[in-house]
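Beneath this line is the structure, given in structure tokens, with notes to follow.
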Amino acid sequence: MSGNSSIVNSVLDQLSASGHKKVVYCNDPDTGLKAIIAIHDTTLGPALGGTRMWSYTTESEALEDVLRLSSAMTYKAAITGLNLGGGKAVIIGDSRKGKSEAMMRSYGRFIKNLNGEFITAEDVGTTTKDMEYIRMETSHVTGVPESLGGAGNPAPTTAKGVFLGIKACVKEVFGTDMLAGRSVVVQGIGNVGEHLVALLRAENVEVYISDINEERLQHVARTYKAKPIGADKIFGLDADIYAPCALGATVNDKTINKMKFAIIAGSANNQLADENKHGQLLLEKGILFAPDYLINAGGLISCYSELTGFGKKRTMQLTENIYNATRDVIKMSKTDNIPTIWAANRIAEKRIIDIKKIKSSF
Ligand code: NAD
């Protein structure tokens with residue numbers, strides 16, 4: 001009993017520390033489903049966030065990840081002006097061999113039982129096919145294929161937002177948002193990275209690419225006339241912009257020291273290993289950082305459009321706002337001499353506080 005209560009306390013303490021509203025553990029031995037759904041904040045609307053399937057080595061590692069990712073979703077929705085809260089889910093397991101229709105439908109029933117408080121979408125390790133299975137049990141899912149009335153793969157919209165975030169930063173640093181002649185290194189040329197490379201090359205940007213998937217690297221290099229480089233060459237490269245589109249935490253003590261970039265702007269979530277420390281270090285080094293959750297919000301906008309029935313035109317308008325939103329963040333960062341990530345956090349938190357107040361009137 002005392003052992004159990006100390007575990008419960010430690011999880012609840014973590015929720016209090018991170019400001020989370022609710023965490024739901026989903027366990028279905030029949031299908032092998034082990035999942036954690038985290039709902040961070042629902043002031044602005046239902047919590048929307050992807051479901052990640054990953055081979056976490058411990059349950060506490062999975063909890064830590066889902067807490068971190070769900071609070072970032074709250075900030076992303078808030079700064080983008082969407083009426084959504086922040087949530088995320090993780091399924092513990094190997095997405096290549098541990099998935100089944102029954103598991104996904106079982107997971108869909110857990111989501112159904114939350115009565116719309118949580119809405120999911122695809123993420124690392126899940127696909128539009130998985131969303132189709134979830135949709136068989138609940139309507140609280142987005143990112144289903146276009147053939148089934150959904151918005152389909154959100155990656156092109158995400159890439160467009162990142163591209164506009166890059167333009168807003170280039171305008172700040174170089175005085176014009178013309179990209180021709182600039183150089184960008186894109187780390188990770190998957191779904192988002194490849195679309196970003198296409199947009200950059202269409203504006204005559206010199207593009208370097210890096211990926212652990214050699215076959216993909218060569219394919220993207222040939223298709224877009226981009227220059228492949230090894231992972232060990234990225235951080236010392238003499239390029240204007242670094243666009244992380246693979247993993248989080250690539251901006252850290254080791255890499256910042258080597259950087260000669262003027263700008264960091266990419267799609268990966270949680271790019272700064274330590275938000276406070278590395279945000280400050282980049283400010284001191286004069287490297288302009290585009291807050292990741294702001295410029296990669298295109299995917300969330302695409303999901304929101306699917307939910308609300310907005311058409312492609314409105315989706316694009318909302319995505320185009322990322323340019324001005326990035327300019328606003330940069331302006332606040334300069335005026336108050338604070339890292340851009342702090343400025344973004346302030347803007348997002350202010351919207352949540354303001355809307356909380358209006359909700360208190362009958
Ligand atoms: P993806 O899985 O399609 O692509 C990731 C690519 O990165 C793959 O090609 C992979 O081989 C490569 N990669 C993995 N480890 C690497 C490493 N160490 N070095 C170089 N390359 C490596 O994922 P995606 O959908 O393109 O998303 C990319 C990033 O953007 C992820 O961090 C994701 O969370 C984030 N993001 C994606 C979306 C979206 O709409 N897909 C939205 C918001 C944020």
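Glycine too: its Cβ is placed from the backbone N, Cα and C atoms.
Pulled from TrEMBL:
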type	residues	note
ACT_SITE	LYS88	active site, proton donor/acceptor
BINDING	GLY188, ILE189, GLY190, ASN191, VAL192, GLY193	NAD(+) binding site
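Features per TrEMBL, on structure.
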| residue | record | DSSP (3 states) |
| --- | --- | --- |
| LYS88 | active site, proton donor/acceptor | strand |
| GLY188 | NAD(+) binding site | coil |
| GLY193 | NAD(+) binding site | helix |
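Around the Cβ of GLY190 (NAD(+) binding site), a 10 Å sphere holds 16 further Cβ atoms from the protein chains shown. The binding-site residues examined here are GLY188, GLY193; by Cβ neighbour count within 10 Å, the least packed of them is GLY188. Taking a Cβ distance under 6 Å to any atom of ligand 1 as the criterion, the recorded positions LYS88, GLY188, GLY190 reduce to GLY188, GLY190. Neighbour count (other Cβ atoms within 10 Å of the Cβ, all protein chains): 29 for VAL192 (NAD(+) binding site).
Other than GLY188, ILE189, GLY190, ASN191, VAL192, GLY193, the residues of this chain whose Cβ falls within 8 Å of the Cβ centroid of the NAD(+) site are, in sequence order, ALA155, VAL186, GLU194, HIS195, LEU196, ASP211, CYS245, ALA246, SER267. With respect to their backbone Cα atoms, ASN191 (NAD(+) binding site) and LYS88 (active site, proton donor/acceptor) stand 20 Å from each other. For ILE189 (NAD(+) binding site), the same-chain residues that are 6 or more apart in sequence and have a Cβ closer than 8 Å to its Cβ are VAL197, ILE209, SER210, ASP211, ARG216, LEU217, VAL220, CYS245. Cβ neighbours of LYS88 (active site, proton donor/acceptor) (same chain, under 8 Å, six or more residues apart in sequence): ILE37, ALA38, HIS40, GLY49, GLY50, THR51, ARG52, VAL66, LEU69, SER70, MET73, ASP123.
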